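Features reported for this protein in Swiss-Prot:
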REGION    1-228  region '2-C-methyl-D-erythritol 4-phosphate cytidylyltransferase'
SITE      ARG15  site 'Transition state stabilizer'
SITE      LYS28  site 'Transition state stabilizer'
SITE      ARG154  site 'Positions MEP for the nucleophilic attack'
SITE      LYS207  site 'Positions MEP for the nucleophilic attack'
REGION    228-388  region '2-C-methyl-D-erythritol 2,4-cyclodiphosphate synthase'
BINDING   ASP234, HIS236, HIS268  divalent metal cation binding site
BINDING   ASP234, VAL235, HIS236, HIS260, SER261, ASP282, ILE283, GLY284, THR358, THR359, SER360, GLU361, PHE365, ARG368  4-CDP-2-C-methyl-D-erythritol 2-phosphate binding site
SITE      HIS260  site 'Transition state stabilizer'
SITE      THR359  site 'Transition state stabilizer'
Amino acid sequence: MRIAALLLAAGRGRRFDASSQSGENSSKQFRMLRGKPVIRRAAEALLPHVDVLLPVGDDPLLADSLEGLDILPPVSGGAERHDSVRNGLEALAKLPEPPDLVLVHDGARPCVPAEVVQNVINALKTHEGVIPAVAVIDTIKKAKDGIIVDTVPRDGLWRAQTPQGFRFGTLLELHRTHRDARTDDAALLEQAGHPVAIVEGSEDNIKLTVAEDLMRLEGVIDRNLLPRVGLGYDVHAFEEGRKLILCGIEVPHTKGLAGHSDADVGIHTLCDAIYGALAEGDIGRHFPPSDNKWKDMDSARFLVHAGERIRERGGFLVNADVTLICERPKIGPHAEAMRNRLADLLKVSVSRISVKATTSERLGFTGREEGIAATATVSIMVPDNGEA
């Protein structure tokens, strides 16, 4: 059977806006969650289970957030949720091979477990509509004007989640004939007399509704991450007539460092540490010195790439510690500027970055002031399977 998914991204998220202190203007589904937009994580959770995924929404950020995924181009959303679903269904109906089954998923639910999605699909073999849900366990009170008027029995009460699954033809027909608002598509089937089955949902399948939900979602993601550590070491000789660039900052000195790029030994060793933690080789693998494209290149570009690779793998940087080894120049006066520059390039808080210096007590090539050495240690968190 051919399975399609509608990924809804037209909602504005007014409750989230009211609770957020961040000042960001983007809708909740486009907020960054451990290095990826919320909606991208939602799409990636569905893709292994479906043949076609169709985003529904008009925000310019939608295409950017889903760039590179094997999905259909977005279709416009509607004024209300049911309008967006209907627009998506009509678009699917026009495909050369319309689906047999359709999943409808909120773009603000980024952490739906694979088993929940698969259980919904499996239940559609015997039901026209299926929703994942979790049983209500708290005591429910009904109130008026701040005063309790009733205690509602919780037996048989469930909290509905998505993706909700349906026979495609059934849901399309009901949307064409019932244009009044519903909070979800299961309610359409219920009103028309079609039984809708429930499968076990998950407490991890959190919908981003208020700002505090971001922390809960981060906790879900972090449970599936493993710590990794990377070490970097690099050396560059001094050379007359070049600027001295260290950790992205120009440092006044009589000499610069020799190298194919700008020879920023601090950034080079930090890149090596990051690539090592990711098990992706070293800086030379990504930016080979044999390629003249990188001749005299600002090494900031290399570090931006290394940081992007962490995020593309679904991880984040815990901390980075860079040590510069030289007799001169003195690093201390520039260390804070270096920290801030590295943090900016890696898109992390400066509190996660350390830059310090030491000497070799006038021993060896650094003691003879023939060059500068640098070491770096990084700690990152990435998914257990190493995939985004």
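Here the Cβ of each residue, glycine as well, is placed from N, Cα and C on the backbone.
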DSSP-derived class (H/G/I helix, E/B strand, else coil) of ILE283 (4-CDP-2-C-methyl-D-erythritol 2-phosphate binding site): helix
Least Cβ-crowded entry, counting other Cβ within 10 Å, from the recorded positions listed as LYS28, ARG154, LYS207, HIS236, HIS268: ARG154
From recorded positions LYS28, ARG154, ASP234, HIS260, HIS268, the one whose Cα lies nearest THR358 (4-CDP-2-C-methyl-D-erythritol 2-phosphate binding site): ASP234
Minimum Cα separation from HIS268 (divalent metal cation binding site), reported as the residue among recorded positions ARG154, HIS260, SER261, ILE283, PHE365 that achieves it: ILE283
Listed recorded positions (SER261, THR358, THR359, SER360), ranked by Cβ neighbours within 10 Å, top entry: SER261
Neighbouring C-beta atoms (10 Å sphere around the C-beta of HIS260 (site 'Transition state stabilizer')): 16
Inter-residue Cα distance where the pair is HIS260 (site 'Transition state stabilizer') and HIS236 (divalent metal cation binding site), in Å: 10
Shortest C-alpha distance to LYS207 (site 'Positions MEP for the nucleophilic attack') - which of the binding-site residues SER261, ILE283, SER360, PHE365: ILE283
Chain-internal residues, separated by at least six, CB under 8 A from ILE283 (4-CDP-2-C-methyl-D-erythritol 2-phosphate binding site): HIS268, CYS271, ASP272, TYR275, PHE302
Densest Cβ neighbourhood among ASP234, PHE365 (binding-site residues), 10 Å radius: ASP234
